[in-house]
Amino acid sequence: MGEPKRATLHTTELNGQVPSPRKATGRSSTTSSTNSQRKIHPVERAKTTEEDPKADSENDSALAYNNPDRLYYPRQPKSLAGIAVRSFCLGIALTIGISSTLYILLFTSSPLWRLPFFLASLSTFHFLEFWTTAAYNTRAAEVSSFLLTANWPGYAIAHCFATLECLVTNVFFPNAQWAPFHIGKLVCVAGFALTVIGQTVRTVAMCQAGPSFNHLVQHQRNAGHVLVTSGIYAAFRHPSYFGFFWWALGTQLTMGNVV
């Protein structure tokens, strides 16, 4: 069927019967207008997608970018998958920390219970950072609200050295007395109390501040920010800083770290 059409076209050109540009343009514009007015059937759209996968990918990207739920997708600031994974890991770490601390204290005489205690304290702290934000400052809740990578890498390095110091001290110098006047047990108990008090004060402060609390220093006042002067803020001007300071100091006293 194709060969006769090409022969006809050749004969037409030889006879000089070439369509005028005006008529061709008119037919083209008419056809374009008709096509633009005609709605594309879903089946035709599917065929077009199959023929041009690149265009389909570009359309999907545009839809994903304009999708209001995009922030909750993986590798996004509010990724639900990222939040779930971090919560799951912190729960496992907390369980291991508490169970190991109790086991070593109850069934052995080893001072290494301090290491799982530190793990449990860290897990509790980072989980509560996100939980209080999600519960009382919901719009600001993000993956970064866990503060797991805050001040990276300095924050992680500090905890690593604290863990290493506790490990070396209790393995190689288990009977050493670092506290004066043999008050090592008293210092340990005081450290545990400071850890609990510091964590409690910080969590209560974040709850009472609500939307006015932010993990990052704000350089301008947002619309929902108010100056909180009641509750715990009536006794402390910066209770969240106060709580974190004594929590950090308490964990180190409990671990027996002196450096």
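Heads up, the Cβ atoms here are built off N, Cα and C, so glycines get one too.
Among the features that TrEMBL reports, compositional bias 'Polar residues' is placed at 9-18.
Residues or ranges marked as compositional bias 'Basic and acidic residues' by TrEMBL: 41-57.
The region 'Disordered' annotation in TrEMBL covers 1-63.
The transmembrane segment annotation in TrEMBL covers 83-106 (among others).
Look at TrEMBL and you will find 112-131 (among others) tagged as transmembrane segment. Here the transmembrane segment (112-131) has long-range neighbours at 83, 86-87, 90-91, 93-94, 96-101, 104-105, 141, 145-148, 159, 162-163, 166-167, 170-171, 195, 199, 203, 206, 215, 247, 251, 254-256, meaning same-chain residues at least 6 beyond its ends whose C-beta is under 8 angstroms from one of its own.
For the transmembrane segment (152-173), same-chain residues at least 6 beyond its ends with a Cβ under 8 Å from one of its own Cβ atoms are 110-112, 114-115, 118, 122, 251-252, 255-257, 259. Sequence annotations record features per position, and here TrEMBL assigns transmembrane segment to 152-173 (among others).
What TrEMBL records for 179-198 (among others) is transmembrane segment.
For the transmembrane segment (83-106), the residues of the chain that approach it from at least six positions outside its boundaries are 112-113, 116-124, 126-127, 130, 143, 146, 148, judged by C-beta separation under 8 angstroms.
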